[in-house]
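*Asks:* Sequence annotations record features per position, and here TrEMBL assigns domain 'Ig-like' to 141-236, 322-394, 414-503, 709-797, 919-1007. Sequence annotations record features per position, and here TrEMBL assigns domain 'Fibronectin type-III' to 512-608, 610-709, 806-901.
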Amino acid sequence: MDLGSKAGKHLKFKETYDRNTKIYTYEMTIVKVVDGDAGGYRCEVTAKDKCDSCTFDITVEGTLQYRKSVKGDAGEDAGDLDFSGLLKKRKKEEPTEPEVDVWEILKNAKPCDYEKIAFQYGITDLRGMLKRLKMMRKVEPKKSDAFIRKLEPAYSVEKGKKIVMSVELTDDNAQVKWLKNGQEIKPSAKYLFESIGGIRKLIINRSTLSDDAAYECVVGEEKCFTEVFVQEPPVTITKLLDDIHVVVGERVEFEVEVSEEGANVIWMKDGVELSRDGKYRFKKDGKKHWLIINEASKEDIGTYCVCTNGGQSKAELEVEDKELEVLQSIADLTVKAAEQAVFKCEVSDEKVTGRWFKDGVEVIPGKRIKMTHIGRVHKLTIDDVKPEDAGDYTFVPDGYALSLSAKLNFLDPPKIHLDTTGSMVSKNTIIVVAGNKLRLDVEITGEPAPTVCWRKGSAEGRVRVESRKNLSSFVIEGAERGDEGLYCITVTNPAGEDKADLNIRVVDVPDAPENVRCTGVGEDTASMLWDPPKFDGGAPIKGYLMERKKKGSSRWTKLNFDIYESTVYEAKKMIEGVFYEMRVFAVNGIGVSQPSATSKPFMPIAPTSEPTRLVVDDVTDNTCALKWLPPDRVGAGGVDGYIIEYCLEGGSEWVQANEVPVEKNMYRVRGLQVGEKYLFRVSAVNIAGRSPPAEIKQGVTIREITERPKIRLPRQLRTKFIKKVGEKVNLVIPFQGKPRPVVNWFKDGTPLDSSLANVRNSEVDSILFIRQATREHSGEYTLSVHIENMEDKATIEIQIVEKPGPPVAVTVTDVWGFNAALEWKPPKDNGNCDITGYTVQKADMKAKEWFTVYEHNRRPSCTVSDLVMGNEYTFRIFSENICGLSDDAGASKNTAVIAKTGLHYKPQPFKERDMSSSPKFITPLVDRSVVAGYNTAISCAVRGYPRPKIIWMKNKMIIGADPKFLMQNNQGVLTLNIRKPSLFDGGQYICKAVNELGEDQVECRLEVRGNQPENTHIPSRAPKIYVQRYEQLLAPLVKMC
């Protein structure tokens, strides 16, 4: 039984921790020991996955009463030689209360009062108390007419667990009521009612402290009672109290944190419980609890303790007298010449006097220096401040080891000494070449020493500032383009500020030219163009230097030695058919820029000759198709494509027909007007440009050409087109004719219904599409194309088929020997196609298993042979077409019986075997050694009939309904599961099997070892795997039993 939930006035627990030795000490105190406290106790300590425990026994002996020779009350300090009691006023002896028999009170009390009486008389073992009461009641209870089995006297459960209370009734249909503290319980998610035959159950899910009550089960006029005890887990202290040191009048807060939210704690001072009053205030938030003392006094000094039912924590409070409090300290002053300086301070005591010191020398009042003391305020006033007044001033209160200090600073405005200062209009410009070092020294004066800040525009520049007395320098190491701009130096101190501006100009070589490209090529020349650099380096661009190289080479060749001023250049003396690359440098007064990005490769090459044999291939009402051959002279650049142009005959404006050069030697020019004459020309294009054009000298007239319509029916559509039901039909039928023919579809001589099939027509073909074919789509489809009075037709026969129906009128016409003759008629529905055969199957009327006799039988009759004598057969037949067998079969109306030839079978009489036997263990228990804290199990196997009753014992004591043990019986395989065994679970275990024919038992010894080192890992599922394998080995033996 867990005693943590029973902590109170009778039981107290204390936990201490020694930080030096790092040892925890746990104490249990029993106040006013009674007989019920005798017995065995165990202390368990758990940390993470490790557990340890120790046991001890408490024996309660009767108290010895000594007769006193001297009457009176000697108090706590009385001893063998203490006669102080004789000097006190004698009091009348109060009559002693007679001893009370607790068990008589419990026998006559209601179950709902058990816990109250146990707490009153110090009984902590509720389960043992209930067992003793049960043994004391020797009078056999009155037999109940409604209950076969009543509720247990009491139920004990941990907080948060499930409670199951059950009764068994004599009448399976009787209705019951469940009451809690006299109030009827209604079914809900928390309270569940179960009824199985005569058994009625009340299930309480997730028990709470509110479920600790008296419960009744009412059937008609009869009742049975029980008591539910909900054990609350002990509340431990997770964060201990800290010692506090304060002065009189300060606020004190003791803070502690416990393991459970909403838990109750008791605050004590020097062993006396504190109550809520004006001085002490209690506060809690979740797991945290506070004891608050608003204004501490000397009376609050002592030891404060917070107690829970699972431990306690102590802390010391120390309160000291108030010292002289400085309400306002003197502050540093910074003043200018001729101004007034006032030092002021305020202390908590009005009667305190003091003295003023400057640099350790007492200040003497004079004309300019005055000292005042008004109440708690002390002042030192200095008029017409001079430089010699600067220094450290200190106020020292008389009689206290306390001093207040401050500093008087004398101010002098700062000043910058430059050749040019002040106005922003006249700027001092400094020019520096990029990469060089610039250093500027500026003389500065002011008191106190001013703060110097260098800025570039509105942001701090990239400079290094050096400061010395009366001198500030800024240095640019390796000036860059980003360092150019306006720099401002600002000096400030409390007396004022001064500014000066410097304009730094950084000159550098220009950026590289951009976008170098080739704009045209000749046979040995190339025209180059580029853009000037974005930044000229601060100096004008004088010109450019060019270099070129062959593609793939790393050797650059200079094209000019003198500066070339333009951005357009024609490179000469290059080899035709060779790829070149080029780059450009920019030049200013500082130097030469970095090279530009290399241009795309270009090849000096001449255009090709004109295309040859340009002819007109086809003419329609608005298009003209042209054909030609490649040029006779192509050259190294090849041909990239062709440009086609046209214009009206007699006109001079040529229109380009294609935006992108075409690679093929043919092209159809579209968008031409009917009746007009056009001229056409074609030019070849390569990297060098366009070739001379090839022209058609004679105008081409655009007119409408009539061509007779003709349908080109695909080969697979010239015969019957067969598809299954549900498949899609997609027929593409090409045709030709000019102008565009008119297309019509017919089905069986009538125009095609658009809801039956979809038709899509184009200039060159027509598409008939059916998404899901059905049998109504079968028929002759006719495609008609006509142009004016000319017409062409094509007929397509479409057949949509499906599986046939079953044969009908299947009959057994004759039976002889081991043969049977069958006949049937073809199916009523052939699936829209011819029947190709039949499949015949037979089945014995006993086994009802079908076997195929014939496949693809073409005739509507057959003879089935090799039938078994004495069996009765039935037959079924499937019809078959090109889609397959029918879904259903035609069954024979009669059966074929193969008669026997006079054989008779005489079975032997059956004699039932007697399986009764006394219990016998076929597999014994095996000694085991396990590790504490890991689940384990022991197993054995038994046989016997009738089924034996199984009893498990530990150290010859019967294991009852202990939740630590789980007993299982799976077809004779007996398993005892032990949940997280400790060292006390070791010992001798016995399994006993008993039935009316006898009994048998086996035993083993279980050794529980302490936890192994952390680097040793024992799988927690090992016992379960062992039991499963053991059951697999014993399963054949159990079946034999």
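Cβ atoms are placed via backbone N, Cα and C, with glycine included.
Walk me through where these features lie, including what they touch and how far apart they are.
*Replies:* Summarising model confidence by region, the domain 'Ig-like' (141-236) averages a pLDDT of 86.
In the domain 'Ig-like' (322-394), helix, strand and coil residues by DSSP number 3 helix, 36 strand, 34 coil.
According to DSSP, the secondary structure content of the domain 'Fibronectin type-III' (610-709) in residues is 0 helix, 48 strand, 52 coil.
Taking H, G and I as helix, E and B as strand and the rest as coil, DSSP gives the domain 'Ig-like' (919-1007) the counts 3 helix, 58 strand, 28 coil.
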*Asks:* Reported in the order helix, strand, coil, what are the DSSP residue counts of the domain 'Ig-like' (141-236)?
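*Replies:* Summed over the domain 'Ig-like' (141-236), the classes give 3 helix, 49 strand, 44 coil.
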